[in-house]
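Participant: Look at TrEMBL and you will find 24-133 tagged as domain 'Thiamine pyrophosphate enzyme N-terminal TPP-binding'. For 221-338, the entry in TrEMBL reads domain 'Thiamine pyrophosphate enzyme central'. Annotation source TrEMBL lists domain 'Thiamine pyrophosphate enzyme TPP-binding' at 431-556. The annotation Mg(2+) binding site is assigned in TrEMBL to ASP462, ASN489, GLY491.
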Amino acid sequence: MGSTNQVGATSPVPAIATGTFTGTLGRHIARRLVQIGVKDVFSVPGDFNLTLLDHLINEPGLNLVGCCNELNAGYAADGYARAKGVGACVVTFTVGGLSVLNAIAGAYSENLPVICIVGGPNSNDYGTSRILHHTTGLPDFSQELRCFQTVTCAQAVVNNLEDAHELIDNAISTALKESKPVYISISCNLPGIPHPTFFIDPVPYYLAPKVSNQLGLEAAVEATAELLNKAVKPVIVGGPKLRVGKAQKAFEEFANASGYPIAIMPSAKGLVPEHHPHFIGTYWGAVSTSFVGEIVESADAYVFVGPIFNDYSSVGYSLLIKKEKSIIVQPNRVTIGNGPSLGWVFMADFLTALAKKLKKNSTAMDNYRRIYVPPGVALKRDNSEPLRVNILFKHIQAMLSGDTAVIAETGDSWFNCQKLSLPENCGYEFQMQYGSIGWSVGATLGYAQAAKDKRVIAFIGDGSFQVTAQDISTMIRCGQRTIIFLINNGGYTIEVEIHDGPYNVIKNWNYTGLVDAIHNGEGKCWTVKVRTEDELTEAIATATGEHKDSFCFIEVIVHKDDTSKELLEWGSRVSAANSRPPNPQ
């Protein structure tokens, strides 16, 4: 958790409530959400959560955002947590809970604190043999809880008022400490009942700071500094767990002090400043940014800060990395080559201390500058030539600034957006570990609701969009001014490059027509189809000019085989990893 002690604690400690002048459970949970930084809660109503929703609506600091389905509400809480540090969604028992489950699993895999609140059965029904609606027809109310146990770091079933306060506070604090989602079930008859444990104004929320084991920290820093100061051409590679470690500032201190080149793993894009003079690009094995793979893999020492090595990030397990040359810095552990692995050493503490012990070494940076050749021939096209994806992204690059944020959907958008150069303070999010297609629609809704100072630009393939399209409705209703580029190439292109078949071809929609129908004349919304570069240029000018305060939906029609070279290479390697024959038994 870094050194954050107190979360959103602005109100003074209240006087002890006396007599009947006590708060309610609904009021308590609403205030807690506000105190931890949640201003918007994404919800789908259902009979078990309606009373709780009344209390959330009555909280002045809280805005309830109704979504079209629970899956999108969960994805929105995920996107919100990326921008705000924590998100929340509220659904109804089992029928809503099992629908939101996939989104919560995604937030778990991406280490995002999402508070998933479920309106549960009446407290009187627990321990009886009654069969309730919205269940699978068994007198067992634990099915939903059992499903959530594997994708949340804490679970609280609140079916009495005596320990409700403790259960709720413990679950919320665990989410923040572990940076993972939690599940809270609240019996539908409890939110409005006063109880002495709930003050009218809850005591400020407090989290004890995590402090590294001092001896372990010193040992880790000494061993690492010794290895790095002996190395000839060390490099740094940032990973996605930088966010969990709350170590972005410390990472910059370490990078500045060392002089080493800085690369990122693909899923860390947006977490490391790309305007830094030593930033060289993305390390992604065979599909790395030009010259980055060579510099990283030829180094004699590499510091991986918060990495996740999976088959996607390792391009089908093909990274040319040796353990003995690696220093792996995780949020609470440092492993030095084949040597010591020291726990209870926190990432930010470690990087800050290490920065003070390093000799500056720019050898690898000098090598990179020596071999680097700028991108080749300027992209040209014939008049009225069909639009190519690489031309599209040339124009997208020009749109980016510190006032924008990029959301990249699973698919070829991963690879095309990865090549964008992010200006200072430009946001960037995608879901690489879980890779759930359709994630970006809900995540865009949540991120834009949290980061109102930024214009969100989302890149969504037609196949992914068909999974979760409905919540375009919520974006328009919330007055968001997002720009969505819908890449219409007629199918699941990322799957085509891994393993093709007729199942990867989808029914084409009139996507702009669909969004116009959803808009239905209510709110600010502008749509356009583009087929050529001239049409694209005009569309971008309109979206950033006349319609700068509107939700803008630009359907880009491209050839089905117009993919990045990186996707072609990556797809063939992931396919090879997926199709390995069984080992002999």
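Sequential numbering from 1, following the chain as shown.
From the backbone N, Cα and C atoms, a Cβ is placed for every residue, glycine too.
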Participant: For a quick check of packing: other C-beta atoms within 10 Å of the C-beta of ASN489 (Mg(2+) binding site), how many?
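Facilitator: Other Cβ atoms within 10 Å of ASN489 (Mg(2+) binding site): 21.
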Participant: Validating a neighbour-count step here. Other CB atoms within 10 A of the CB of ASP462 (Mg(2+) binding site): how many?
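Facilitator: ASP462 (Mg(2+) binding site): 24 neighbouring Cβ atoms within 10 Å.
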Participant: Across the whole of the domain 'Thiamine pyrophosphate enzyme central' (221-338), what does the mean pLDDT come to? Round it, please.
Facilitator: 92
